[in-house]
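Engineer: Have a look at this one.
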Amino acid sequence: MSVLLESSSTSAAMRRNFWRGVWRVMKRKPSRLVGAALMIGFVFMGVFGPMFYPNPLPGDPDQITRPPSWEHWLGTDDQGRDVIALVVTGSRYVLLAALVTAVITVVVGTGIGLFSGFKRGRWDTVLMRLTDMKLTIPGLPLLLVLSTVWKFSSAVQMGLVLGLLSWGGVARAVRSQTLSLRERGFIEAARGLGLSTSHIVGKELLPSMAPYIAMNMLIAITGGVYSQVGLFFLGVLPYESNNWGQMLNTAVFRSGALTVPSALGFLLGPLLAILLLTLAIVLVVDAMDEIFNPRLREE
Amino acid sequence: MIAIARRLAGHLARGVVMILVVATISFFIVRSIPGDPVAAHTQKLIEQGMSPEAAEQATRVLYGFQPKGSLWAQYGDYISGLFTFDLGQSVTHAGAPVTDVLAEAAKWTVLPVLAGTLLSFLVGIIMGVYAAIKRSGKLGDVLAISGSLLHGVPQYVLGLLLGAIFATLIPILPSDGPVDILFEPGFNAGYIGSLAEHAVLPVATYALSAYGGWILAMKSSVVTVLGDDFILAAELRGMKRSIIFRYIARNAILPLFTILALSLGLLLGGAVFIERIFNYPGLGKLLLDSITMRDYALMGGAFLLITVAIIVANILADLFYSVIDPRVRSGEEVSA
C-alpha cells in the first residue's frame, strides 16, 4: 500500500514539474503565449462562434460589397453580409474538416510507420514503396481530378478524403523514428524480457513518440485547412455551406477583389483568419519543440 | 560510374511504373465519372439536330477513341497511345491533339517557376547563413520566424496578398493574364516589357513561397557545418570572417542542390493556384479549365504531365546527390 502511494505521489510531482517546465518555456518568449491564446481563440470560434449569429446571416441589399467601415469592420460581401460574421460562421466547417484530416493523417501515418519500422522485412519494403508512390503523385492535381468523381459533401467527408491522401509524410517520419528507437537499450531490454509486440509498441514505443506525433498532428491541421480552402477557392467543389475557401473564391472571381478596391475586405477576412491560424500553430509547435527536446533549451 | 548507371536504370524503371500507375488512375477516374462524357456529347449533338449516326461519328472523331468496345480494350489503346505521345484530342481546343495543347501551356508554367525558384534560392541561402550565424540574436529569431511563416503559409494566400497589395490597393502591377493584348506578339520592346510586367506578381509569389523553405534548410545545414572541425581550425588560425563565411556557405550549400530539383517539381504541382489567381495560361490553369469544361482527355494529359515532371525532378535530384556525395557514389544504398 505504501509503495503504491509513494509511486503515485512521485508521478504527481513529475506532472507538476512538467507543467512548471511548460510554463517556463512559454514565459520565456511572449510570442508563444500569443500562439497559445490564438489557438484557444480558434477552438472557441469553431465550437461556439456560429451560435452568436443568426442562420442564415441577414444580407442588406443596400450594403453590397462595401469597404471596411465602423459598422462592418472588414466590409460586406456581395449579398451585403458582414465579412467578420462570415469568417466566424465559416470557421466551423473549415476547422472540423481540418481536425478530421489531421486525425486520419496521424492515425494512418503512425500505424503504417510503426508497423513498417518495427516489423521490417518484406512488409516494410512493400509499404514504403507504396508510401513513396503516394508522396510522388502531386496531391493537389490528384485532388482536382478526383473532384470530378467525389463530391466531398460534408466537412467529415472532406476531412476523410484529405486525410487518406496525406498520411505519406507522417508514415515516413514515424518509420525512421521507430527504426532509431528500436535499437535503443530499453526496447531491446523489453524484447529480451519476452514482452509481447503489442506491449512494446503500445507501452514503450508510442509514449516516447507521443510528443512528436502531437506536433505532426498540429502541422497536419494546417495542411487540412490549406488544401480544403484551396479546393473551394479554385471553385471545383459545389457550394455546400459558407466557409473560408468559398469566400475567397467569391471575393476574387465574382466580386473582382484583385481589381476592385471595395471588395478587398471580403478577400482579406478569410486570408487574415488563415494567416492567424498558421501563426498560432507555428508558435505553439515552436514551444512544444522546446518542451519536449530539452536539449534545445538555451539556459 | 557503373554504380550511377545502375541507380539510373533502377530509377527509370520505377519512374515508368509510376507513370503507368498514374495513367491508369486517370483513365479509370475518367471512366467512372457519373454521366459518361462521351454519351453526353453524342446526346448534345443529337439535340442540336444531328442524326444519331453523324453525332456518334463526330463524337468519335473528337474524343479520339472508340466509344464502344470493352473497357479493357479501351485501356489497352490508351496505354499504347502513351508510348507514342498520343494522348487523344482536346474537345475544347477544336480537336487539337492534347500533346500540342500541353506543349503550348508548358512554357507559361516552366519559365515563371524556374525564375521564381532561382531567385528564392539565391536570396534564401544568403539569409539562411545569417540566420544560422546570428541564431541566438534578434536578427536570427526574426529570420527564422519569417522563414517558418512563409514556409507554412500556402501559396495562394501569398499570391492573393501580393495581388491585393500591388494590384488593388496600390495598383502598380497587372494581375490579369500573361501579357497586354494591345501589343503585337513578337520580339519588340512593348511586348517583352508587357510580358515582364505581368510576370512580376506570379514570379514573386513563387519566389516568396519557396524562400521560407530555403532559409530553414540553409540554416540547419550551416549549423551542422559550424560544428565541424575545419571551421574551428580556421577560426583558431585567425582567418578573416569573410573567408570563413565562404567556407561555411560552400560546404553547407551542397545538400541544398538536391532539394532544388525537388522543389522545382513541387512548384509545378502547385502552379494551379498561382495560374488561377493571375490568369496565367499554364499547365495548372489548363488542368482546371479541362475540369470545368469537362474536357477529359485534356484533364488526364495535364495530370499525367505534371506527375511526369515531378518524377523526373525526383530522379534528377537523386542522381545529383550521388554525383556530389561520394558516399553514395561508392555503390552502397545509403538512402534505403
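Positions of Cβ are set from backbone N, Cα and C atoms, glycine also.
Note that the structure is a prediction, hence the values are computed from the model and not measured.
I grabbed these lines from TrEMBL:
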TRANSMEM  B:12-30  transmembrane segment
DOMAIN    B:106-317  domain 'ABC transmembrane type-1'
TRANSMEM  B:110-133  transmembrane segment
TRANSMEM  B:153-173  transmembrane segment
TRANSMEM  B:253-278  transmembrane segment
TRANSMEM  B:298-321  transmembrane segment
Engineer: Is it the case that the transmembrane segment (B:110-133) and the transmembrane segment (B:253-278) have 3 or more CB pairs under 8 Å, with pairs at least 6 apart in sequence?
Structural biologist: yes
Engineer: Please work out which recorded stretch in B:153-173, B:253-278, B:298-321 has the most C-beta pairs separated by under 8 angstroms from the transmembrane segment (B:12-30)?
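Structural biologist: Against the transmembrane segment (B:12-30), the leading stretch is B:298-321.
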Engineer: So which residues does the transmembrane segment (B:153-173) touch in its own chain, when a touch means Cβ under 8 Å and the partner is 6 or more beyond its ends?
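Structural biologist: Contacts of the transmembrane segment (B:153-173) (Cβ under 8 Å, skipping residues fewer than 6 from its ends): 197, 200-202, 204-206, 208-209, 212, 270, 273-274, 277-278.
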